[in-house]
Amino acid sequence: MFPLLIVLSQLPRLTLAVPHCIRSLKDSEHAPEEVFASKEAANIFMHRRLLNNRFDLELFTPGDLERECYEEFCSYEEAREILGDDENTIKFWQTYSIKGPTTGSDVNKEKIDVMSLLTGLIVAGVFLVIFGLVGYYVCLTKCKRRPYPSSSANYTRTARYTPSIVFRSPEEAVLSPSTSSEDAGLPSYEQAVALTRKHSVSPPPPYPGPARGFRVFKKSMSLPSH
């Protein structure tokens, strides 16, 4: 009596489980017949957005199962286009419709987005190059504005050790005559002293009135007689 009660209690669960199994078998059997999609589904497929492969050039690189069906959801038409064979497509779709895009190996494996990593590295390199060029330009402008210390030191040395006027006594000038003045065409010390004496002696001022002891003769201009 007790086993009969147990069987009767399990009848609702059996009635709920059997239609689900029958429906899944019917879907798997009629999957190859659903090759042609409707107009709305085709438009949705043509205007679909890229998910994980948005950085890849999908128009130029051929698609594969890992990128089209494991990284994102794919349809039966996409799988058939990649595999190119009806038998392989049916086998793949039977397992793919049950497991879905994620597999056991993909769950344990950490995926690295290579394209995002490369994009970040390229952007960082471009910014480093731009900052380097800006720093080089700033250094050039600062160096142009700042005077060179070597040129200022040379100027102070020449100004300090080569005076424009050299004072000498007459004895030193006689004992050690300079050749630089002769080469430059400048007068010697004796010539300079003679010139200064000649120009410094001024003539006496003239006295007013006629000079004493001298007669002043006036010359008259007359026309000759005919």
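Every residue gets a Cβ built from N, Cα and C, even glycine.
Ranges compared are 158-161, 186-189, 194-197, and Swiss-Prot records motif 'LPXY motif' for 186-189.
Classification of Cys69 (disulfide bond) by DSSP places it within a helix. All protein chains considered, the CB of Cys69 (disulfide bond) has 20 other CB atoms within 10 Å.
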